[in-house]
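Chemist: Features from TrEMBL:
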DOMAIN    10-190  domain 'Guanylate kinase-like'
BINDING   S17, P18, S19, G20, A21, G22, K23, S24  ATP binding site
Amino acid sequence: MPVPTQTRRGLAIILSSPSGAGKSTMARRLTAWDPSLTFSVSATTRPPRPGEVEGRDYFFITRETFGDHIMNGEMLEHAEVFGNHYGSPRAPVEASLSKGCDVIFDIDWQGTQQIANSAIKQDVVSIFILPPSIAELERRLRERGQDAPDVIAGRMAKSEAEISHWAEYDYVLVNDDPDVCEDRLRNILTAERLRRDRQPWLTEFTRGLSAEFREREMS
Ligand SMILES: Nc1nc2c(ncn2[C@@H]2O[C@H](COP(=O)(O)OP(=O)(O)O)[C@@H](O)[C@H]2O)c(=O)[nH]1
Ligand SMILES: Nc1ncnc2c1ncn2[C@@H]1O[C@H](COP(=O)(O)OP(=O)(O)O)[C@@H](O)[C@H]1O
């Protein structure tokens, strides 16, 4: 039975982790598994890494443009991370959520706190991803091969502070085996969708069951 669209909003699924724990990898896997998921493409003042695509991975903008977006209220949230500015453009997120499309965010704890206190707080499902160990976190950052050694050292230095926010999230997963982690994320998404659709869907469905009861009584 279809879910009435007027009451069904999308979920705002937030992934956070220390740099290198695997949240971008998991966001990519989830959108490949379910192409109806929208990825919230952030704006950043960080320069692009080799292979990153404008509009797919980030909108790469200047500090001045970033400041203008904030002044105009165009950012749902924003934060300074590792010396660069990052923010989630508001309009595409609101458009997707109000159409009933689920949105995935790859943002830090500061942005998560802001969204958890924003107009879309009722849509939020927040997930924190931990690395199996600090040695493995560092190995992943090096293996990714996209950041200079001093940048990696800076990210490692900040990872303990990022990890300290784990308890603020709805779910916490350890990303050891990537297939296991992806499977758990799919399960979370499936369960949260059932929970969201519970009211509108079951109101209709149980009405149908009552009608069936009445028909049986009359026959
Ligand atoms: N608050 C906030 N954080 C963001 C946003 N986009 C990315 N980040 C976070 O900024 C940090 C650095 O991201 P990035 O430069 O891509 O490095 P990576 O995490 O090592 O891949 C990560 O913790 C991201 O989750 C955003 O729009 N808002
Ligand atoms: N479970 C995993 N096991 C081994 N390597 C992983 C795993 N998850 C991600 N990686 C690798 O670790 C590196 C960092 O992952 P990435 O998704 O870029 O992290 P983040 O977005 O959290 O900074 C990438 O090279 C990625 O392929």
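From the backbone N, Cα and C atoms, a Cβ is placed for every residue, glycine too.
Note that TrEMBL annotation is computational and uncurated.
Note that the structure is predicted; figures quoted are calculated from it, not measured.
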Chemist: Specify the count of other C-beta atoms within 10 Å of the C-beta of S19 (ATP binding site).
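Modeler: Its Cβ shell of radius 10 Å holds 23 other Cβ atoms.
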Chemist: Near ligand 1, meaning Cβ under 6 Å from any of its atoms: which of the binding-site residues S17, P18, S19, A21, G22 fit that description?
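Modeler: From S17, P18, S19, A21, G22, counting a Cβ under 6 Å from ligand 1 as near, the near ones are S19.
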Chemist: Would you list, in sequence order, the residues of this chain other than S17, P18, S19, G20, A21, G22, K23, S24 that have their CB within 8 A of the centroid of the site's CB atoms, where the site is the one recorded for ATP?
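Modeler: Here the non-site neighbours turn out to be I129, P131, L137, R140, N175.
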Chemist: With respect to ligand 2, which members of the binding-site residues P18, G20, K23 satisfy a Cβ distance under 6 angstroms to one of its atoms?
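Modeler: Within range of ligand 2: G20, K23.
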Chemist: Within 10 angstroms of the C-beta of P18 (ATP binding site), what count of other C-beta atoms is obtained when all protein chains are considered?
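Modeler: P18 (ATP binding site): 25 neighbouring Cβ atoms within 10 Å.
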Chemist: Take the domain 'Guanylate kinase-like' (10-190) and average the pLDDT across it for me.
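Modeler: Mean model confidence (pLDDT) across the domain 'Guanylate kinase-like' (10-190) is 97.
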Chemist: Starting from each candidate's C-beta and looking 10 angstroms out, tell me which of the binding-site residues S17, S24 has the most other C-beta atoms.
Modeler: S17
Chemist: Can you check what DSSP calls G22 (ATP binding site), collapsed to helix, strand or coil?
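Modeler: In the DSSP reduction, G22 (ATP binding site) maps to coil.
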